[in-house]
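See structure below.
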Amino acid sequence: MGWAIALHGGAGDIPRTLPPERREPRLATLRRCLDLGAAALRAGRSALDVVELVVRELEDCPHFNAGKGSVLTTDGTVEMEASVMDGAGMRCGAVSGLSTVVNPISLARLVMDKTPHIYLAFDGAEAFARDQGVEVRDQNHFITEENIDRLRNAKEANRVQIDYTQYNYTQPICAPNDNDDDNSRTGTVGCVAVDASGSLASATSTGGLVNKMAGRIGDTPVIGAGTYANALCAVSTTGKGEDIIRHTVARDVVAVMEHRGLPLEEAAARVVAGVPRGSVGLVAVSAAGEVTMAYNTTGMFRACATEDGYSEVAIWPASA
């Protein structure tokens, strides 16, 4: 038993021809955030503090689809969402429909810590953010030229796009074009951790889908779908939110461990295999310090480290 941490930056049909100038900044950010989280765990910080810390850093990075890098709705607006769950007592907080909050994950934690509720959205969540004095910016802060271009391209192709993958609700998922600039921009972020005391936590944050309908809510803020933690393990997911919600992916990993007695890696693999191919990725840690990073997409930006010295930062399967 010991501390462990895992994080992701989105899953999808990530082409192996992804140019270095698009690949390396994401990997460098994952390495930096992994080091930050591992150092915090070594210093004795709680799993809950660590997952918030790491996801805040990822939200501040424009290379990922969360916070500063959030993608745009069909109206050209930003609607960010996030959730956090503390395995101790199964406390949780979630937010969606945010357009001005710099770090949605910290507002989700404030919902958990400061209100009798679990989930606040849109105007109510924005008002709560102002009441709590969290950092806010004009929406233009979040709207980048790259994401304006992505929205324009998505509209021209009449498609809605998930992390690294093109998706149209009336058509099957398209095969990726290795040269498609849209296919390799950003991804949902998440982090799970178990600290030295065995306490677990999970946090997930996203801007959603490119060209999504205004008001659409995905799996990220849905406890049990995009985020889950209890005394046994912690899970954060990424991918096509509608499928993740239907299959209650995060909670199902825990349920398979609880009711089938399977170890973490086997439980996660079984759950991921039951979701439509190309739809999901997840990172998870157990109270025993196990780590797994499972996905049924071409790849997933991911990283992990454990107290015994193991670490990994990767995109694609090592054997492929």
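One-based numbering along the chain as shown.
Every residue gets a Cβ built from N, Cα and C, even glycine.
The active site, nucleophile feature in TrEMBL is assigned to Thr188.
What TrEMBL lists as substrate binding site is Arg216, Ile217, Gly218, Asp219, Thr238, Gly239, Lys240, Gly241. Contacts of Arg216 (substrate binding site) defined by a Cβ separation under 8 A and a same-chain sequence distance of 6+ are given as Thr73, Glu79, Gly208, Leu209, in order along the sequence.
Highest Cβ count within 10 Å among the binding-site residues Gly218, Gly239: Gly239.
Separation of the C-alpha atoms of Asp219 (substrate binding site) and Thr188 (active site, nucleophile): 11 Å, rounded to the nearest whole number.
Thr188 (active site, nucleophile) and Thr238 (substrate binding site) are 6 Å apart (CA-CA, integer value).
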